[in-house]
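*Asks:* Summarising the annotation, Swiss-Prot assigns ATP binding site to ARG24, GLY65, LYS68, THR69, THR70, GLU131, ASP132, PHE133, ARG174, TYR184, ARG221. According to Swiss-Prot, the Mg(2+) binding site annotation covers THR69. The feature DNA binding site is assigned by Swiss-Prot to ARG294, ARG313, ARG318, with sequence analysis given as support. Annotation source Swiss-Prot lists region 'Large ATPase domain (RuvB-L)' at 4-184, citing sequence analysis. Look at Swiss-Prot and you will find 185-255 tagged as region 'Small ATPAse domain (RuvB-S)'. Annotation comment: Swiss-Prot describes 258-347 as region 'Head domain (RuvB-H)'.
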Amino acid sequence: MIDQDRIVDGHASGREDQLDRAVRPKRLAEYIGQPAVREQMEIFIGAARLREEALDHTLVFGPPGLGKTTLANIIATEMGGDLKTTSGPVLDKAGDLAALMTNLEAGDVLFIDEIHRLSPVVEEILYPAMEDFQLDIMIGDGPAARSIKLDLPPFTLVGATTRAGLLTSPLRDRFGIVQRLEFYSVQDLTHIVKRSAQLSGVAMEEAGGMEIARRARGTPRIANRLLRRVRDYAEVKGDGVITAAIADSALNMLNVDHHGFDHMDRRLLLALIEKFGGGPVGVDSLAAAISEERDTIEDVLEPYLIQQGFLVRTPRGRMATQNAYNHFGILAPKHLESQQQDSLPGI
């Protein structure tokens, strides 16, 4: 089974949230990358402040580790309100959400992570709260039960999810602002690593930061995690300064190659090439070949490989690309390109 503590996993682990909080930007002016999102949010937040209104409810989605929680914190700071944080799986009962909402003050931001995992009962409570700033709750049981309405102060709900497709239409339609976070460029990640190093008091050369950024899979959380591990290596094996050579040696020791792939990524690609002739192969067969769950392949391993052009999904199954063969120095079959063309819909 997959190692839950993969160093290139975009999900937070252990004390990581606390460590990331120390280097997290607090205002849009400090926010690096995502230029379209930053520009739009500057306008939306500025307009809401001019009108002295709460910002429209905002849905933020994208792969893990790209800064959804960071954006929620920035929204709260820019709007001058407090941030109340929870997550979908924690809100089991309607009363859990009601308790949170009745403590909100005007201008506060309620951040619900993994909002796609809300129970239907809790989701129903959200609808009038989002639309009319009213809370409908039931008091009592059986024939004596009665419904009461509580007025809520104007607030902003920020929902975050890695799987926007699992949101119900009624919930999704109630968000006035929807933002998708994309993978970061190496240039933006280099700036993020440099900023984190300065805030953490880590001595680092520009080339060292760029080497870390190149292998961070377009994800700030991974970049900051790699920075901490390379810092450890530099202090023990070097003079404490992160150079390109130190970063390269440290990341090679951590089994993170120049594309940011770890042993699990390489294992999947090699199985596809060596056991299935490059594909096409069904995801269930591929999962069995590497002893992994289908969901792990689809949600954890595949997205970055597809985004980098090493794997494609076709109606007939998964296929390795020319990039995958080149990565391992394996000669691709001559029919590879035509086979991929034939597997694409409408071709």
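Placement of Cβ uses the backbone N, Cα and C atoms for every residue, glycine included.
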*Asks:* Which of these binding-site residues is closest to THR69 (Mg(2+) binding site) if you go by CA atoms: ASP132, ARG174, ARG221, ARG294, ARG313?
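*Replies:* Going through ASP132, ARG174, ARG221, ARG294, ARG313 one by one, the Cα closest to that of THR69 (Mg(2+) binding site) is ARG221.
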*Asks:* When the Cα of ARG318 (DNA binding site) is compared with the Cα of each of the binding-site residues ARG24, LYS68, THR70, ASP132, which one is closest?
*Replies:* LYS68
*Asks:* Compare the C-alpha of ARG294 (DNA binding site) with the C-alpha of each of the binding-site residues ARG24, LYS68, THR70, ASP132, ARG174, and give the closest one.
*Replies:* LYS68
*Asks:* Indicate the candidate from ARG24, LYS68, ARG174, ARG294, ARG318 with the smallest number of other Cβ atoms within 10 Å of its Cβ, considering only these binding-site residues.
*Replies:* ARG294
*Asks:* Any idea what the Cα distance is from ARG174 (ATP binding site) over to ARG313 (DNA binding site), rounded to a whole Å?
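*Replies:* Computed Cα spacing between ARG174 (ATP binding site) and ARG313 (DNA binding site) is 32 Å.
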*Asks:* Name the secondary structure element type, per DSSP in three states, that contains ARG313 (DNA binding site).
*Replies:* strand
*Asks:* Whole-number Å only: compute the distance from the Cα of THR70 (ATP binding site) to the Cα of ARG313 (DNA binding site).
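*Replies:* With distance taken Cα to Cα, ARG313 (DNA binding site) is 32 Å from THR70 (ATP binding site).
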*Asks:* Could you give me the DSSP helix, strand and coil counts for the region 'Small ATPAse domain (RuvB-S)' (185-255)?
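*Replies:* With helix first, then strand, then coil, the region 'Small ATPAse domain (RuvB-S)' (185-255) has 52 helix, 2 strand, 17 coil.
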*Asks:* Measure between the Cα atoms of every pair in ARG24, GLY65, LYS68, THR69, THR70, GLU131, ASP132, PHE133, ARG174, TYR184, ARG221, the residues the record assigns to ATP, and report the largest value in Å, rounded to a whole number.
*Replies:* 37
*Asks:* Enumerate the residues of the same chain, ARG294, ARG313, ARG318 excluded, that satisfy the criterion Cβ within 8 A of the mean position of the Cβ atoms of the recorded DNA site; list them in sequence order.
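*Replies:* These residues sit around the DNA site: GLY282, VAL283, LEU286, ILE297, GLU298, GLU302, GLY317.
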*Asks:* Using all protein chains in view, find how many other C-beta atoms are within 10 Å of the C-beta of ARG221 (ATP binding site).
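*Replies:* I get 24 for this one.
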*Asks:* What are the helix, strand and coil residue counts for the region 'Head domain (RuvB-H)' (258-347) according to DSSP?
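*Replies:* Taking the region 'Head domain (RuvB-H)' (258-347) as a whole: 48 helix, 9 strand, 33 coil.
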*Asks:* So what's the average pLDDT for the region 'Large ATPase domain (RuvB-L)' (4-184)?
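*Replies:* Within the region 'Large ATPase domain (RuvB-L)' (4-184), the model's average pLDDT equals 88.
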